[in-house]
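A short write-up of the structure that comes next.
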Amino acid sequence: MESVIEQKKGPPPSGRWFNPQLVQLKVSLFLIFGATCALQPYLTIHMQSIGLTVEEVASVYLTLLFTSCLSPPLTGFLIDRFGRYKPVLLSAIVLNALSHHAIHFIPPRNETVLQHNYTVALSVDRTVLVAEQQNSTATVRCPSEWPLNDACSTGTSTSYTLTLTRNGTDAGVCGDYSVSECTKRTLETGPVFLHEQEPLGAEYDRTFWVYLIVRFVATLMLCSTLTVTDPIALDMIEQHGGDYGREKLYSSVGMAISTPLTGLLIDVYSRGTDRTVYTPAFYTYDAMLLCSLVSVGAMPIGRKAPAEHIVGHMGRILRLPHVLAFLVFLFLLGNFWGFIESYLFVIMKSMGSPNYLLGLTYTVGTVASIPMMYLLTHITRRVGHVNLLVLAFFAHGARILGYSWISNPYWCFPIELNEAISCYFMWVVATTYCAVLAPNGLVATLIGVAGMVHFCLGKGIGAFAGGFLIARVGLRMAFRYVGYFAIGCGVLYKLVHVLWLHRFDRQLPPEKVAEELVKRRPSILPRADQFGSCTLPFSPHHAKDHETHQDAKDAGSAAPEQQPLQNG
């Protein structure tokens, strides 16, 4: 019988840049990840469109954090039950599409409202806005940012501080408001009458609970779908040859194309209406997932291989103080990422951004990250792992602070270039740094724990805490506070490393670290779903097999004979 080493050793014929046996894998990755980014980025502003408050949005994100814990055992049980990957993946895709489409049919809140009327005008020196609240029976309340730009939502904008008055007396400062150019010209000719409605219904009502239940099931199915794609891709690459990073590049292409395309469709369908229509996002999601059923059905997917669980080694990892400190800072990086990924579209909509521009933010970050991956080894050798991780904190801070300062949404393009460092590049650097920090035999375990800490806990807590911070201090001030905190954490991490952590760094040559990177095959697609990679961004049993086989090869002993993968 052919051994696993012999079976997985054969690459595609030399001189061939295209492997026809992996066409279905490329198409499946493009469709599945493209579908995910066609809908997931717009779900935060969709929640607000059906009447959920910022605090309720934060509560939803906190609850969705538990899907990261439930998805791996659920998926593992189903794979054990069927003994194959394909039926589990096909079932997850169908349930994923159905449950997410059900979100579209959740009716918005229909509640009694309180009327608020304002007269908004520029001050005499035209440096601040003054809003006079007209109705004396209503509570004192600052106007929201969105109605100021309803007349024209495109073009340049100017930020003004708004002062609230009532009955001729000062009632406080409401903060900075973004005013589009055409609204500014209108204000220069005279005051503008502003009418708003405030829902009177209590929070956490039936609409919230229905949305929470449906979204929880939908995210669970999404996590199950994405959980199976990595081991399937690794198995097919080891069977037919190929490069993991090159195949995952098709996921990046799908993500870069689908998000702005969906935003453009939303703008087209919303034209001529008084609200944003998110129907194109849901139907694009359904169409791409249904197409992926065909490509997945045509793939020669192998049977389940025995998996190695990291829980048994987690205790050994957490007893190492220097590793624990590294995980704490990786958790903080996940917090900053979760905050901006969850509320980026919210602050851009407050500036009057069109939906296609929201989608282009994904394209800029994804495309900018591709050339950086080819420079990974050279940059890491020159700069060092820790300095690059510190730079990731600063990139998060610059990105978050940038959005708190700009008033024109089109400035998002230079700001989003920071994402290539703070998100994609950071995770590959963090993964290779695990090979420097962890003792022999615990590298795969540390990568797995780091993935859970950053992608699951960090991003989920960041989205949850960010929502409550926005509800307390306002959108722009929340971005400003979080941005400054990110920079402070970067400085703190550098100081901790200089004073303490540096003594635990193993002096591995760059070639050895690069070998560990190839061996673990870290994912460079952390923004695949609402909480990144829902489980581990690597396949532990593949890493284990690789190490075992390599050791056997070095020792000159024959590898143990195993059953080859069977297509099914």
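Each position is counted from 1, following the chain as shown.
The backbone N, Cα and C atoms fix where each Cβ goes, glycine too.
No curator has checked TrEMBL annotations; they are predicted automatically.
Among the features that TrEMBL reports, domain 'Major facilitator superfamily associated' is placed at 23-480. Annotation comment: TrEMBL describes 27-45, 57-79, 208-228, 249-270, 282-302, 323-344, 356-376, 388-406, 426-449, 456-475, 481-502 as transmembrane segment. Among the features that TrEMBL reports, region 'Disordered' is placed at 529-568. Annotation source TrEMBL lists compositional bias 'Basic and acidic residues' at 542-554.
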So which of 57-79, 249-270, 282-302, 323-344, 456-475 is most in touch with the transmembrane segment (356-376), counting Cβ pairs under 8 Å?
249-270
Residue numbers, six or more beyond the limits of the transmembrane segment (57-79), whose CB comes under 8 Å of its CB atoms:
44, 47-48, 85, 88, 91-92, 204, 208, 211-212, 215-216, 219-220, 223-224, 227-228, 304, 307, 338, 342, 452, 455-457, 460-461, 463-468, 471, 530-531, 534-536
Counting CB pairs under 8 Å, which listed stretch among 27-45, 208-228, 249-270, 323-344, 481-502 touches the transmembrane segment (426-449) the most?
323-344
Verify whether three or more Cβ pairs under 8 angstroms connect the transmembrane segment (27-45) with the transmembrane segment (282-302), leaving out any pair fewer than 6 apart in sequence.
yes
Check the domain 'Major facilitator superfamily associated' (23-480) for me and report the mean pLDDT.
84
Under 8 Å between C-beta atoms and at least six residues away from its ends: which parts of the chain pack against the transmembrane segment (323-344)?
41, 44, 57, 61, 317, 358, 361, 389, 392-393, 396-397, 399-400, 403, 422-423, 426, 430, 433, 437-438, 446, 449-450, 453-455, 457-463, 465-467, 470, 475, 478-479, 482, 485-486, 489, 493, 496, 500-501, 526-527, 531-532
Determine which recorded stretch among 27-45, 208-228, 481-502 has the most C-beta pairs below 8 angstroms with the transmembrane segment (249-270).
27-45
Under 8 Å between C-beta atoms and at least six residues away from its ends: which parts of the chain pack against the transmembrane segment (27-45)?
57, 93, 100, 103, 215, 222, 225-226, 229, 233, 247-248, 250-255, 257-259, 261-263, 266, 276, 278, 281-282, 284-285, 288-289, 291-292, 295-296, 299, 341-343, 345-346, 349, 355, 358-359, 362, 525, 527-530
